[in-house]
Amino acid sequence: MSILPIIKGEYKKDYNLKHLTWFKVGGNAEIFFKPFDFADLKSFLIQNKQKLPITTFGSGSNIIIRDGGIEGVVIKLGQNFNKIEFLDNHLIVGSSCLNYNLARFCQANAISGFEFLVGIPGTIGGGVIMNAGAYGSAFQDIIVQVEALDFSGNFLTFTNKEIGFKYRGNNLPKDLILLKAVFKVNKGDSQNILLKMNKINNTRSSTQPIKERTGGSTFINPEGRKSWELIDKAGLRGYRIGGASISELHCNFMINNGNATAKDLEDLGNFVRQKVFEDSGVELNWEIKRIGKYV
């Protein structure tokens, strides 16, 4: 391990990440770093000179951390990176702000177009990276630009076009830490916005296992198809490997039944991919990110 950069925030060595993920599985971070503020993060990156490998971490909602943990430094942005501000008819939102919190803020301030965020777990930063979407809307529809630091500490901005949004992804460089997202503002009726959000919440609670240890949608929907239908057709509803299972309620969700390992979940996902391909000839692609070392 190289000498760690001098910081104002805090380091934690051999830090268990399991409790930070929705699946509640996975190994430790070799070094866990929460920057104090923007200047602290920038200083760390400049001092590091890309010597230590860096992994960024959001709310842990759409990720499997493998049981062997993560080498290098895991960076998690905290409360100093979750602010919501108005400026010139735009919203400027910190990347660690939860999607749900932004949806609630917009409802309270009669801003329309953000209703779908109430049903998307995770942070704004993760939502941008995934081009997260639901109910006919996605991040690409509301983003103006993003602000970021690269792993060398250079400050960069990217417009909506430069981000290169695509279905559940983008064309941004991989060595970025997103800091803020700028959104366009369209005024609406607060009560109508609330009704839309309540409808989304009701739909989610009746069709998705939101009270279970899950990580959201497991696979990207193939063009013109639904992953859950393909999984169900392959006879895998409720299928188990170790402590992991396919949800009985929604086949595109995996569940930790209480004692699953990251390996159980990843093995289950790969088994599903194999069986769906054998049954339908369709190759499912992971939506859930898998990172870290195998044991």
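One is the number of the first residue shown, and numbering goes on along the chain from there.
Note that Cβ sites are derived from N, Cα and C of the backbone, with glycine treated the same way.
Now, the feature entries from Swiss-Prot:
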ACT_SITE  R168  active site
ACT_SITE  S217  active site, proton donor
ACT_SITE  E287  active site
DOMAIN    24-188  domain 'FAD-binding PCMH-type'
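Sequence features, as recorded in Swiss-Prot, placed on the structure.
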residue: R168; record: active site; DSSP class: coil
residue: S217; record: active site, proton donor; DSSP class: coil
residue: E287; record: active site; DSSP class: coil
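Of the recorded residues, S217 (active site, proton donor) and E287 (active site) place their C-alpha atoms 7 Å from one another.
Here the Cα atom of E287 (active site) is found 8 Å from that of R168 (active site). When the active-site residues R168, S217 are compared by the number of other CB atoms within 10 angstroms of each CB, R168 has the fewest. Each residue in the domain 'FAD-binding PCMH-type' (24-188) has a pLDDT score, and their mean in this model is 97. Cβ neighbour count for E287 (active site) (all protein chains, 10 Å cutoff from its Cβ): 20.
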